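So TrEMBL has the following annotated:
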DOMAIN    53-433  domain 'SLC26A/SulP transporter'
TRANSMEM  57-77  transmembrane segment
TRANSMEM  89-115  transmembrane segment
TRANSMEM  127-151  transmembrane segment
TRANSMEM  158-182  transmembrane segment
TRANSMEM  202-220  transmembrane segment
TRANSMEM  232-256  transmembrane segment
TRANSMEM  300-322  transmembrane segment
TRANSMEM  334-354  transmembrane segment
TRANSMEM  366-386  transmembrane segment
TRANSMEM  431-459  transmembrane segment
Amino acid sequence: MRADYINDNLYREQMPDVGSLLRDTERKLCRPSTITNKFPILTWLPRYRAAYLVQDFIAGFTVGLTTIPQAIAYGVVAGLEPQYGLYSAFMGCFMYIVFGSCKDVTIATTAIMALMVNQYATISPDYAVLVCFLAGSIILLLGLLNMGVLVRFISIPVITGFTMAAAITIGSAQINNLFGLTSPSNDLLPAWENFFTHLPSIRKWDALLGVCTLVFLLLMKQVTRIKFGHRLIWKYLSLSRNALAVIFGTFLAYILSRDGNQPFRVTGNITAGVPPFRLPPFSTTVDGEYVSFGEMISTVGASLGSIPMIAILEIVAISKAFSKGKIVDASQEMIALGMCNIMGSFVLSMPVTGSFTRTAVNNASGVQTPLGGAVTGTLVLMALAFLTQTFYFIPKTTLAALIIAAMISLVELEKVPDMWRSKKRDLFPFLVTILTCLFWSLEYGILCGIGANLIYILYSSARPQIVITLEKINGYEVALVDVKQKLDYASAEFLKEKVVRFINQQHTKIQLAVIKGQEINSIDYTVAMNIISLQGDLKALNCDLICWNWNIASAGVVCRLKTELRRVFVFDFNFEELVISHFQSPSNTASTVTIETAQEQANATS
């Protein structure tokens, strides 16, 4: 019987079986699938085909040609010597082969990561390397704890606002280099102020080469739309646009410098050779003064929270974009990214994450497995070992054009009208994010955006949808309270206030209030206390309270606090039977009347 079941279980709180949970966890850890999930290479490598080798090589080589010039450029954006960009571009490629779960993802430093480390990397490169290690450790720990679910709390409007703000800031910081000027700051307003106040100092040859390179890059991005000729040729010509721009700029700078005069500002000396494999610096020396680990952490500050968060966001978003129908394990991607950063810090890398540009190139090049990353990483190592003298002649204006062209594609203005059409209020967290990122800082900007988003969640939680109607059943006026979503501590007081206010505002006397509970699947202690308080308030108004068809576990929370309130909870009646049984039963409590008795009374009345 249903009534017996309720009597036996209403007071009992269903506690988890710790022993069963531990046994299940132990069995799960011992399964081969657990190992293969943490090391995805064990899944795809045994199935590797010889036919994949050529496609992976072509894709890895193409990505390498894109990675080398971008890595040098992002090293400059970070305020470091250019070789640090290359140091950051190879270890992630190798580590992702072992731990990564998406074949297309390419790990390297990005413009956003470079900009976020700039403020303290300019003090000493050791700061950037240490943050790479610490950020990797934080990301790895979160991944091992299966905290990938945290990414869901950051909405697309916030991500869009952050990405657009970062792209605008990075592109603006390069406007001076594009025209041959030097800028004392990489921030948005100071960069443009420096540009407009130094217009007479623009170097015409740098400006000409920079603007032409930028136009070339933007046009080359569109050549895939050409209808005539072989599509594959246009595709790979477009993919190699960065390498072609750097080769042409370097060649031009080299030829024109033969007489000792250099018409362009060039990158200059890049330290040759592969970086040493050693522990990341846990202390450093700045201007001859020793800086301890604690002082370094104090200098880095909030970046220790924001850099891991942004890195996780980028790689998860990229993995989802290129997963092609497969489920992305965000926690595994975090483990892979954490290992890439930790091991990268041993070779003087700055923080790295997934690169959307290079991942798109990898995908378009037809990569079949993560093994393509080995080719990219090897190409970067070869460049460090043999090509650094050539890099001396890369014009800074060419690198600036490269960065600006990449940033233009990240400014997705079409998403703004999309948000306006679909949900106008989503523009609020978007605007909060983009404005605070542009005019304050990227770290605090995304936190403000998340905070703005949480305001909606908290507001919705504190003011659930509650519909109260006045029903007249068999001559009795009853307040029917329909709660449309779950109740928690934030909404407990709201429910109580709304019911009491409704009862007080009625001109006729209401003797019964019924809270419909089909959608209340769980409550907490605060809600239970407010239900008890509501019952007392209604009693003072000569009105009874019934909680109708609540989830038994939810009802139990209230009944364990106050046993006598068990009579308030009624199950299995329809609404008309509930009202009739309440007013016509001798004890005036519906819970003492069976469903059969209520049906008989309803039939007799009719």
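Backbone N, Cα and C atoms are what each Cβ position is placed from, and that goes for glycine too.
Note that the structure is a prediction, hence the values are computed from the model and not measured.
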Suppose I define contact as three or more CB-CB distances under 8 A, residues 6 or more apart in sequence; do the transmembrane segment (431-459) and the transmembrane segment (300-322) meet it?
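Yes; at least 3 Cβ pairs under 8 Å.
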Six or more residues beyond either end and a Cβ under 8 Å away: which residues meet both conditions relative to the transmembrane segment (57-77)?
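For the transmembrane segment (57-77), the far contacts come to 83-86, 88-89, 106, 108-111, 113-115, 118, 170, 173-174, 186, 236, 239-240, 242-243, 245-246, 267, 270, 350, 355, 357-358, 361-362, 365-368, 371-376, 378-380, 383, 391, 394, 396, 399-400, 402-403, 406.
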Looking at the domain 'SLC26A/SulP transporter' (53-433) alone, can you tell me the average pLDDT?
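Summarising the domain 'SLC26A/SulP transporter' (53-433) by its mean pLDDT gives 85.
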